[in-house]
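J.: Following this message is one structure expressed as structure tokens.
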């Protein structure tokens, strides 16, 4: 069905309809643009949400990342971030495939529509002008015919009047003939123009206007087809990302299925296991006997003894289960931690140092190769320019290797002191007659924050291998146990001066003679004493040691 034949007289309505079609297309383009903005904002909010709950770079988050449910959550956040990327892709495709395309298409459509209606108005104006000319010819012909009739009547009247001269009659006859000739000419002109107008009108309504309207119809159908393609693309853009979205959702599902409660329970043990053995059974102490009370090596300290011990000079470490009131960072050797946790910390520190050493070695190898290139090709650079950097790296490697040796020494001490499976036997409790319930009740009421002598030995070992031991404060005296004065095991002579600025160290002068009270445990430090009040650690390489009585103090 053609607009040219069916709607030949609906020029104005077609103009309104095509304009409405363009406005509808613009409205659809605006709809897609708003949808694209929604996708961008949604993706942005999803990314911000994922970023907000990503683990922070601190020790607590690193500890949490060991659990399977935390790993599953991190994987979910990662998949959610990829999921947000797909919504950004939707927005990008909507913009490129629909919004930009419709914008270009609408500009062409408006220009084409304007051209077609300009041609239509031009044809309309032409036929209207022809019609006016035809009407003018018709009226002239009508006027000339009337004038010819009046001239003929006047001539006939003059010819019938006997009183009129022959000259007047001749004049009237000539006038009538002239009018008849003018009427005949007007008739011929009117007939000719009428024929021309009919031809133009036929061309206008059967050729020109149908052609213009057909172009408008083709334009409108093309607009509708384009709109349909955009609507299909609108759906396809979403459909194209569905496989990736499915993969993201599958990743979240897989992460959820990877959660292992048993594994996480085991990780709790690995994270918090102290390595200590539970305290042994409490022996029965009979206060009814007239004898000095004896305290077993596994018994709890009574308040009197704690009070007496607290008055002495406290040099020992904190008990492992008693919280340190010092909120600062712990000692370098992690001696404030239980054995198992300390072992893990030391091993982790050693691993980190080895990684740093390997990085420095890689840098050294790269600089060495560069220096070789400079030696072979002096024009590329001065080989001597690399030496300062190589020396700096060598010094750094040496320092880190020394640190590794120090931490390995502490690690060896911890592993030697950790209890074995065979040490788990407990001692039985001796109960006597009717006093057992009362005595156990009294003992249970005492402070149970003490440890066995084996545990005390552990804390003393920690103190011996720590070159920077932490000093006690008066407020913490009740949390310390007295350390007996270590016996002299030899003497030493200072080879070099040592300032001893760090806590737990002691300053020495070159050539000074001192007592040795504790050998180097592999950490590079030896414990010495100057007098009863001055003792501390010095680097083993700074002194010459004479054990036992090979050489005496002079």
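Keep in mind that glycine also has a Cβ here, set from the backbone N, Cα and C atoms.
OK, TrEMBL features for this one:
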- 1-264: domain 'F-BAR' (DOMAIN)
- 295-343: region 'Disordered' (REGION)
- 336-413: domain 'REM-1' (DOMAIN)
- 343-370: coiled coil (COILED)
- 438-484: region 'Disordered' (REGION)
- 453-473: compositional bias 'Polar residues' (COMPBIAS)
- 474-484: compositional bias 'Acidic residues' (COMPBIAS)
- 487-548: domain 'SH3' (DOMAIN)
J.: Which residues of the chain, 6 or more past the ends of the coiled coil (343-370), have a CB below 8 A from one of its CBs?
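T.: Cβ under 8 Å, 6 or more out: 270, 275, 333-334, 337, 381, 386, 389-390, 393-394, 396-397, 400-401, 403-404, 407-408, 410-411, 414-415, 418.
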J.: Can you work out the mean pLDDT of the predicted model over the domain 'SH3' (487-548)?
T.: 87
J.: When secondary structure is assigned with DSSP, how many helix, strand and coil residues does the domain 'SH3' (487-548) contain?
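T.: Secondary-structure breakdown of the domain 'SH3' (487-548): 3 helix, 29 strand, 30 coil.
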J.: Can you break down the domain 'REM-1' (336-413) into helix, strand and coil residue counts using DSSP?
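T.: Helix (H, G, I), strand (E, B), coil: 72 helix, 0 strand, 6 coil.
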